[in-house]
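Enquirer: I have a structure here, written as structure tokens, and I will follow up with some questions on it.
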Amino acid sequence: MAESRDESSLVDVDSNSTVGGGVHDVYGEDRATEDQIVTPWSVTVASGCSLLRDPSYNKGLAFTEKERDTHYLRGLLPPVYLSQELQEKRLMINIRQYEAPLQKYMAMMDLEERNERLFYKLLVDHVEELLPIVYTPTVGEACQKYGSIYRRPQGLYISLKEKGKILEVLKNWYEKNIQVIVVTDGERILGLGDLGCQGMGIPVGKLALYTALGGVRPSACLPVTIDVGTNNEKLLNDEFYIGLRQKRATGQEYYDLLHEFMTAVKQNYGEKILVQFEDFANHNAFELLAKYSSTHLVFNDDIQGTAAVVLAGLVASLKVIGGTLADHTFLFLGAGEAGTGIAELIALEMTKQSNKLLEEAREKIWLVDSKGLVVKSRIESLQHFKKPWAHEHEPKKDLLDAVKAIKPTVLIGTSGVGKTFTKEVIEAVSSYNKKPIILALSNPTSQSECTAEEAYTWSQGRAIFASGSPFDPVTLNGKTFTPGQSNNAYIFPGFGLGVVMSGAIRVRNEMMLAAAEALANQVTQEHLDKGLIYPPFRSIRKISAQIAAGVARKAYELGLATQLPRPADLVAFAESCMYSPVYRNYR
């Protein structure tokens with residue numbers, strides 16, 4: 001095989017090294033270009049019906065005459081040849097005919113199960129149209145109805161029944177060279193609450209974006225759901241529910257299962273396996289991140305990924321409103337994992353920019369939870385992750401009172417409760433600022449603190465607005481405003497690629513800051529003139545390459561990278577590591 005490849009066109013890396021920082025590319029597929037010929041290896045060379053039923057190699061009607069002869073496909077396909085581009089066009093016509101977003105979601109999932117490269121080609125080429133389908137907000141509805149729409153397993157389900165056998169379960173997965181795991185226990189799915197085992201839609205969706213937006217190979221991605229039961233009575237009484245029918249396990253039983261999982265993951269996949277915690281409830285999210293960040297390559301997207309993308313938007317918005325982060329006052333509605341994670345990363349960036357002490361930086365940031373403003377007089381009753389944000393101030397029972405007292409320049413919603421940025425709140429914030437920054441980050445759309453139209457209308461068109469879920473442009477007094485989407489999908493795919501390609505063994509806050517700064521640097525004056533504080537998603541792969549390079553650069557600086565020697569051009573190396581969804585020619 002090596003002799004038949006054009007060796008001169010391979011990426012310039014050592015032949016014994018591991019492309020992507022940990023997985024040996026046995027057949028040279030990742031290092032080949034699209035026009036090079038590869039062999040569709042499975043257990044043996046795939047042919048006939050087995051080739052057509054293998055989503056990794058199936059090309060539908062794009063098999064050439066020669067390939068149909070070589071791989072025993074004669075008669076198994078209609079005689080016509082349809083290029084990948086024509087197949088893409090046909091499928092987009094079909095998908096657009098569906099009115100319900102969930103129908104589009106199911107059509108995309110069916111496509112992924114039969115033709116992987118075509119699925120990712122659609123997602124890459126039509127990312128702005130299809131991202132809301134395979135990710136937020138539609139994935140939320142998919143999780144709610146996952147039992148009813150379940151087709152086939154798309155990841156590993158590890159329940160309490162597998163206690164003591166988790167290593168064996170990991171070995172059951174058909175792909176052995178895994179680089180990224182996204183894991184959830186389904187307790188806090190978006191703003192929808194406890195969906196138990198049906199939270200699997202989140203890891204599946206996240207990893208689809210790891211590949212489409214970040215270029216991590218689909219075969220190197222593993223979605224995992226930890227099923228310890230659910231406290232959702234509706235699901236427990238649903239005859240189509242696919243998880244354990246019991247109340248959620250807690251305490252030592254829960255942590256023992258998670259510890260066995262984390263130990264087995266490292267034992268089976270090694271030191272450089274990236275584990276992304278996703279949609280865990282606050283009390284477990286902070287505990288797990290603190291426990292494993294020093295021993296495993298882990299990060300929590302809700303705490304750290306959200307923080308990085310919000311910080312990037314804030315840094316970009318400074319180009320419009322001026323000043324530094326330290327010149328502004330931040331007020332959060334929501335003091336959970338997202339809110340406190342964002343607050344901490346903002347404080348860290350402030351200390352980096354202004355040489356302030358971290359405690360001084362935190363004093364510019366205020367949080368409101370369900371009981372009102374987080375203040376010193378409440379400290380005894382506060383959860384540990386809220387205590388750093390308890391400042392000296394008289395108590396305020398609701399958001400509007402807190403806004404009037406604190407007079408923030410930046411208002412950030414991470415509450416998971418819709419319609420909480422009321423007309424009075426936005427008018428109050430706008431009265432203190434020429435250009436208030438309003439970020440309504442809760443997902444899905446129904447849980448957003450306010451809509452784009454409300455933010456622009458109530459601020460008289462002066463707000464710099466971004467949301468967690470997408471909103472359409474708004475026309476007000478003859479002027480069109482394009483709302484930004486503060487979407488984690490900007491950060492975690494590129495972040496994951498940077499970690500994987502550098503062979504990093506740990507995640508540090510400095511790497512999250514590097515990711516945020518790299519994203520902010522992609523916002524041009526042209527974007528800002530349109531009211532955007534994030535670049536358009538259509539250029540997401542270029543953005544991800546820049547983020548990956550920034551993260552990898554920081555990993556090398558911190559001595560955490562193992563992919564040696566360090567590539568001279570990290571952006572070019574990132575792009576060379578990216579999976580391409582273009583059909584390959586088979587010998």
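Glycine residues also receive a Cβ, built from the backbone N, Cα and C atoms like all the rest.
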Enquirer: According to TrEMBL, which listed range is region 'Disordered': 1-26, 53-78?
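Expert: Based on what TrEMBL states, region 'Disordered' spans 1-26.
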Enquirer: For the (S)-malate binding residues given in the record (Arg188, Asn443, Asn487), what is the largest pairwise C-alpha separation in angstrom?
Expert: 18
Enquirer: Can you tell which of Asn443, Asn487 has the least company, meaning the fewest other C-beta atoms within 10 angstroms of its C-beta, among these binding-site residues?
Expert: Asn443
Enquirer: Between C-alpha atoms, which of these binding-site residues comes nearest to Lys206 (active site, proton acceptor): Glu278, Asp279, Asp302, Asn443, Asn487?
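Expert: The smallest Cα gap between Lys206 (active site, proton acceptor) and any of the binding-site residues is with Glu278.
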Enquirer: Of Arg188, Lys206, the recorded positions given in the record, which has the fewest other CB atoms within 10 A of its CB?
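Expert: Candidates: the recorded positions Arg188, Lys206. Fewest Cβ atoms within 10 Å: Arg188.
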Enquirer: Need this for a regression test: binding-site residues Arg188, Asn443, Asn487, filtered to those with Cα within 10 Å of Glu278 (divalent metal cation binding site). What's left?
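Expert: Within 10 Å Cα-Cα: Arg188.
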Enquirer: I'm trying to understand the geometry here, so how far is the Cα atom of Asp302 (divalent metal cation binding site) from the Cα atom of Arg188 ((S)-malate binding site), in Å to the nearest whole number?
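Expert: So the Cα of Arg188 ((S)-malate binding site) lies 10 Å away from that of Asp302 (divalent metal cation binding site).
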Enquirer: Specify the count of other C-beta atoms within 10 Å of the C-beta of Glu278 (divalent metal cation binding site).
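Expert: Result for Glu278 (divalent metal cation binding site): 28 other Cβ atoms within 10 Å.
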